[in-house]
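**Student:** As annotated in TrEMBL:
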type: COMPBIAS; residues: 1-11; note: compositional bias 'Gly residues'
type: COMPBIAS; residues: 234-244; note: compositional bias 'Polar residues'
type: REGION; residues: 1-37; note: region 'Disordered'
type: REGION; residues: 227-254; note: region 'Disordered'
type: TRANSMEM; residues: 49-68; note: transmembrane segment
type: TRANSMEM; residues: 80-101; note: transmembrane segment
type: TRANSMEM; residues: 113-138; note: transmembrane segment
type: TRANSMEM; residues: 173-192; note: transmembrane segment
type: TRANSMEM; residues: 198-219; note: transmembrane segment
type: TRANSMEM; residues: 287-306; note: transmembrane segment
type: TRANSMEM; residues: 326-345; note: transmembrane segment
type: TRANSMEM; residues: 366-388; note: transmembrane segment
Amino acid sequence: MPSGSGAGAATGRGPTAAAGRMEEVEGEDGSRGAAGRPASAASTRFVRCLYAVGFLDLFGVSMVVPLMNLHIKSLGASHTVAGIIGSLYGIMQLFSSTFVGCWSDIVGRRCSLLACILLSALGYFLLGTSTTVFLFALSRVPVGIFKHTLSISKALLSDLVSERDRPLVMGRFNAASSVGFILGPVVGGYLTELEDGFYLTSFICASIFLLNAGLVWMLPWSEENAGNRERQQGNKGTDSFSAKTNRDLHSKSATNGAVTSGSLFWSPWVQVATVMKRIKGIACSDLWDIFLVRLLMSVAILLYYSNFSLALDERFGVKPLFAGYLMSYSSALGVLAGCLLGPITRLYQHNTYRILLHSSTLTCTLILLYASALSIWMVVLSSTFLAFSTTIGRTCIIDLELTIGGNEASGTLLGVGQSVTSVGRIVAPLLSGIAQEFSPCGPPSLGVGLALVAILIMNANKQKYCSHGNVKLKNQ
């Protein structure tokens, strides 16, 4: 399968032999490998720049998103119209994430990431000029189709690091992004107090995306390619698992590089045909159980948060302000959980399946504890540990998708995963409304059942998850 991934996309090459590079940066005890210092320096700079990309992305978005409902209502839109526009955005995300992710495999990460950032900046610039409901809806189109910068960044990270280090790097990337999501609403809330505050906030958000595009353009792509060559030369000192992984990726680079080098200049129809072929390969592969687990766990967690403030008010007489503080507290703990993924993966000897199974079991137990809580302090306790289990679970399910599905299609796999999550966002409010007709504890209780089904599916497919054998796609 053709692939234009990682730093090689900048020079028209496929994925390089970089899978074991991070193991030269840090061993099991966190020490540096003397043989790999040149490669590790390039790799570290590249990865840290991607952390900054993730931070700026969610920082800019979270400045604007909490203010959008207030703005569209100030334009004279009814609740129904506002809901329809919000749903259309979700539907565009649902269908576009798979196509954009697959497109990034074809044309390369650098080109696709720059295109998505710039077109998202255009959308937020149009949002800053939206003086009518029509202009507001129009501004959501480019964002709905191309706002997949985080998914492409994760695909790029998966191209750059080994399977052993992927959960650690993904966790840190999620932590950096979450910090931006925590700080953004505070800055946006302050700016909206100014005259024409929403328009100013939208223009600042667009400017942040332009800054992000400049950062991506200046990423050390050439240093990363040089680091790949140094990494190959010093590969003799790595363990047998890393050496095998590097040889596999190097062979993929040799076979896919020729196709990728001219893929950016293919006609749009050829690119669309290639995207459809890749998506068909994913659809015909034996990955349904992994995506089903992701869907079930996503819906379970969304059901937990769906009526959180209302349920706390009805069950314990707690004001919405306290619920807001509790959710912010959980978000901060989620950042900490992302930073702790390194020690956790070492504790589990890099067995992603076991981490996912245990974190999902803990998530199921904590949602049950919340649904049956007799006091507000039990809710605080469940929220504390749920922040850790959900953050770890989200990172591990992505890692398992890439491990089982194959790293050469990482953009497509992450795009399909985002589409699955979007389905969950569409289904969860409906299920929550039905369950809430029976009890305030109905949505989380239903979430417990869905999480339990996901755990049973994981147990039934234990052998496949633990074998680490790639599922061959139909067109491979």
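Don't overthink the numbers, they just go from 1 along the chain as shown.
Here the Cβ of each residue, glycine as well, is placed from N, Cα and C on the backbone.
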**Student:** Mind checking which residues reach the transmembrane segment (287-306)? Cβ under 8 Å, same chain, six or more beyond either end.
**Tutor:** 327, 360, 363-364, 367, 370, 386, 390, 393, 397, 400-401, 404-405, 413, 416-417, 420-421, 423-425, 427-429, 431-432, 435, 443-444, 446-448, 450-451, 453-454, 457-458, 460-461, 464, 471
**Student:** Where else in the chain does the transmembrane segment (49-68) make close Cβ contacts, counting only residues six or more beyond its ends and a cut-off under 8 Å?
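**Tutor:** Distal contacts: 117, 124, 127, 147, 149-150, 153, 156-157, 172-174, 176-185, 187-189, 191-192, 198, 201-202, 204-205, 208-209, 211-212, 215-216, 219-220.
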**Student:** Mind checking which residues of the chain, 6+ beyond the ends of the transmembrane segment (198-219), have their Cβ under 8 Å from one of its Cβ atoms?
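**Tutor:** 46, 49-50, 52-53, 56-57, 59-61, 63-64, 67, 70-71, 110, 113-114, 117-118, 120-122, 124-125, 127-129, 149, 188, 191-192.
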**Student:** Mind checking which residues of the chain, 6+ beyond the ends of the transmembrane segment (366-388), have their Cβ under 8 Å from one of its Cβ atoms?
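**Tutor:** Residues 300-301, 304, 312, 315-316, 318, 326, 329-331, 333-334, 336-337, 340, 441, 444-445, 447-448, 451.
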**Student:** If we skip the immediate neighbours and take only residues 6+ beyond the ends of the transmembrane segment (80-101), which ones have a Cβ under 8 Å from one of its Cβ atoms?
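**Tutor:** Apart from its flanks, the transmembrane segment (80-101) reaches 69, 72-73, 112, 116, 133, 136-137, 140-141, 143-148, 151-152, 155, 275, 279, 282, 411-416, 418-419, 422-423, 425-426.
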